[in-house]
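Listed in Swiss-Prot:
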SIGNAL    1-20  signal peptide
DISULFID  CYS22-CYS72  disulfide bond
DISULFID  CYS36-CYS87  disulfide bond
DISULFID  CYS39-CYS125  disulfide bond
CARBOHYD  ASN43  N-linked glycosylation site
DISULFID  CYS47-CYS103  disulfide bond
DISULFID  CYS51-CYS105  disulfide bond
DISULFID  CYS108-CYS115  disulfide bond
Amino acid sequence: MTAIFLMSVLFGLACGQAMSFCIPTEYMMHVERKECAYCLTINTTICAGYCMTRDFNGKLFLPKFALSQDVCTYRDFMYKTVEIPGCPHHVTPYFSYPVAVSCKCGKCDTDYSDCIQEAVKMNYCTKPQKPHVVGLSI
């Protein structure tokens with residue numbers, strides 16, 4: 001029985017390493033415009049996780065396309081639009097953001113993803129907050 005248990009654990013670990021863990025994950029972002037009176041807190045989903053990848057030793061001898069690595073990216077997504085409260089009439093109060101429906105491990109597509117790692121940007125409010133809850137008016 002101990003051998004069966006040990007084999008089950010080893011099999012589980014092997015499968016866990018072979019599978020990628022790239023899934024839609026809850027994310028909270030804060031949106032504000034300098035002309036508007038309020039900051040909006042939005043709950044959305046983004047793609048996050050780990051993808052199996054390899055780093056080749058002979059990089060000098062490979063073509064450039066063979067050097068790209070898989071990233072956790074959108075398989076399917078949709079855009080939602082919200083209205084930032086407290087904006088003057090001359091300012092467009094609408095803000096659109098992506099919502100991850102499903103994710104995949106694949107090449108980064110610059111048509112809809114930022115494929116470089118930037119410095120951490122501000123993700124907090126400097127103005128009074130107005131939380132945005134889908135389907136409810138607060």
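Using the three backbone atoms N, Cα and C, a Cβ is placed for every residue, glycine included.
Shown here: features listed in Swiss-Prot, placed on the structure.
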residue : record                      : DSSP class
CYS22   : disulfide bond              : strand
CYS36   : disulfide bond              : coil
ASN43   : N-linked glycosylation site : strand
CYS51   : disulfide bond              : coil
CYS87   : disulfide bond              : coil
CYS103  : disulfide bond              : strand
CYS108  : disulfide bond              : coil
CYS125  : disulfide bond              : coil
Nearest-integer angstrom distance between the alpha carbons (Cα) of CYS36 (disulfide bond) and CYS22 (disulfide bond): 36
Length of the line joining the Cα atoms of the residue listed as 'N-linked glycosylation site' and CYS51 (disulfide bond), in Å: 24
Disulfide-bonded residues compared (CYS47, CYS125) - the one with the fewest other Cβ atoms within 10 Å: CYS125
Integer Cα-Cα distance in angstrom, CYS47 (disulfide bond) to CYS72 (disulfide bond): 6
CYS103 (disulfide bond): nearby disulfide-bonded residues from CYS22, CYS39, CYS72, CYS125, Cα cut-off 10 Å: CYS22, CYS72
Sparsest-packed among the disulfide-bonded residues, when each Cβ's other Cβ atoms within 10 Å are tallied, from CYS22, CYS51, CYS72: CYS51
